């Protein structure tokens, strides 16, 4: 049976099927859609009110009117709700109703029933079976009308539950249409025009694909429709907190504008999600679709951000939204354990598509072989106590493909995400925003004014902050913004800071606390025969980039568990040596790129020599790339340093301390 349900078939056919229903073919989509379809009205945007009003709570036992049954989401129906529906349609014979009760046929299984299956279950009357199938088909058709379809260039036609549509049709979510996925990368890769909006749709969809496949393969996990909805919502909303130009905002701008603020976009995402729910009054809508807001909002936020700082009292399980028996649900959207999650799957496929780069990872194959296994851990405080945790595992033969996945991630970082000019443009936009920050006003809650850097403190203000701020500053008539405008005009005219070259530390990596003083080091590393040009620290930009497999210097596969065909319940680990001798020895490295803000030939010649001298003093690798310094590399002897050179390093570091 195909385990990739939800990745190309109708939403009604994505539900787990009981064993007694798997021997016969499913009802075709054609049969399910045989009833005449009315042309649906256009879905409204941003007003928070979809065409179909939210249903009453999924417990339908108290419902009697036809319209009430038509408008409820049958995926939330329990067996008793199915019996209530059948009674309402005239099937009042206890024997027939008991068939549905005894076999625990929930609403999600109704689309898979046909005459043969009903006969196998014990519905003997042909007339009764035909009448029952007709009722179920009408019900299935109404459910299809509730779902909305998006034509996505990556995943094809993807369907979303009405609750997800309510979330999508809010100003807070629509804001993602105006935030570039790759920030300044669009100025280097002309195809990289995609935004956080479509990526978020893709992650929400893939989250549903994976969790439904697990629910079908392993019904004993008791994954409910409520769980599935929450996982999809987390996927949909995981990037709500991104600022202008995506990672540029929380990775470069905020650390420089507010160095005391340890803020990341994940924090912004959970705050924006709360604002989205409250300002659009979605808690009642969530209840109407079977969610429990008090628990499920916490669960959704935990999937995005990770466990709370303060764990649950007297418990080894750090989460509050779901118990430890459903620990695997936290590994779908943002996998803190090993980094294998649907967020990566979508941006691999989507970014490669728009960048014109080949994507070699097939997420559908991973879903095909994914299953949940229980892993035992010994608790450090008490070696005798063993904690059992359920993890998403893959077949042992897939280990090579997972190494390829992380290699793909590394390649994307090298070729696109950390492209030397993409990063440079992000740096220049950051410089412009820092110049503009004191003079830009954004109206927030109760009319309070915020700056670009303080909008993260108020979600109403942050909702208004998108990539559009670039054009607002560029075209402003405020003379106070002239410096910022000059930088932005230089970006548009391709008059960029000059790239000098790239190097790497041979031994210890540069620590974060050292980053700020690196330009001073370069400025002070003046060679003996340097041109008579004075260069200051502010003339240099030193960009330190850490490239890894997603877990700093650790091998992420060491934290992945596998199962074998002979025993699908036992989780095992696979060492790197068991896979291949050609796999990397190190899983992280540091790149150091240096740029110069001055652009005249004399200054650039001097800056190049400063950079080469600095690399020699710090015992970094010979600089590569930068045309300006290429002729200067050969004469220097990196491996035979004199004591005076080492003394110079000490002098430079000593000066910088004061």
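Including glycine, each Cβ sits where the backbone N, Cα and C put it.
Per Swiss-Prot, dGTP 2 binding site is recorded for 151, 188, 365, 395, 397, 401, 419, 420, 565. Secondary structure from DSSP puts residue 397 (dGTP 2 binding site) in a helix.
The annotation dGTP 1 binding site is assigned in Swiss-Prot to 182, 239, 247, 265, 266, 347, 351, 417. Long-range Cβ proximity for residue 265 (dGTP 1 binding site), meaning a same-chain Cβ under 8 A and a gap of 6 or more residues, is found for 239, 241, 242, 243, 246, 247, 249, 250.
Just so you know, the Cβ of residue 343 (Mn(2+) binding site) picks up 21 other Cβ atoms within 10 Å once every protein chain is counted. Annotated Mn(2+) binding site per Swiss-Prot: 199, 238, 239, 343, in sequence order, evidence recorded as similarity to another entry.
Counting residues of the domain 'SAM' (77-142) by DSSP class, helix then strand then coil, yields 49 helix, 0 strand, 17 coil. Summarising the annotation, Swiss-Prot assigns domain 'SAM' to 77-142.
Per Swiss-Prot, the feature phosphoserine maps to 49 (among others).
If you look up Swiss-Prot, you'll see 52 (among others) marked as phosphothreonine, on the strength of a large-scale study or a structure entry.
The phosphoserine annotation in Swiss-Prot covers 55 (among others) and rests on a large-scale study or a structure entry.
According to Swiss-Prot, the phosphothreonine annotation covers 56 (among others), on the basis of a large-scale study or a structure entry.
Feature annotation from Swiss-Prot assigns phosphoserine to 64 (among others); the stated evidence is similarity to another entry.
For 125 (among others), the entry in Swiss-Prot reads phosphoserine, with the evidence type similarity to another entry. Sequence-distant neighbours of residue 125 (phosphoserine): no residue of the same chain at least 6 apart has a C-beta under 8 Å from its C-beta.
Sequence annotations record features per position, and here Swiss-Prot assigns (Microbial infection) Phosphothreonine to 634 based on experimental evidence.
As annotated by Swiss-Prot, phosphothreonine applies to 634 (among others).
Sequence annotations record features per position, and here Swiss-Prot assigns region 'Disordered' to 23-68.
In space, 351 is the closest of the binding-site residues 199, 238, 266, 343, 351 to residue 419 (dGTP 2 binding site), judged by Cα positions. If you compare every pair of Cα atoms in 182, 239, 247, 265, 266, 347, 351, 417, the residues listed for dGTP 1, the longest distance is 20 angstrom.
In the three-state DSSP reading, residue 238 (Mn(2+) binding site) counts as coil.
Comparing residue 397 (dGTP 2 binding site) with residue 347 (dGTP 1 binding site), their Cα atoms are 24 Å apart once rounded. It is 28 Å from the Cα atom of residue 565 (dGTP 2 binding site) to that of residue 343 (Mn(2+) binding site). Rounded to a whole number, the distance between the Cα atoms of residue 182 (dGTP 1 binding site) and residue 151 (dGTP 2 binding site) is 22 Å. Its own atom aside, the Cβ of residue 351 (dGTP 1 binding site) has 23 Cβ atoms within 10 angstroms in the protein chains shown.
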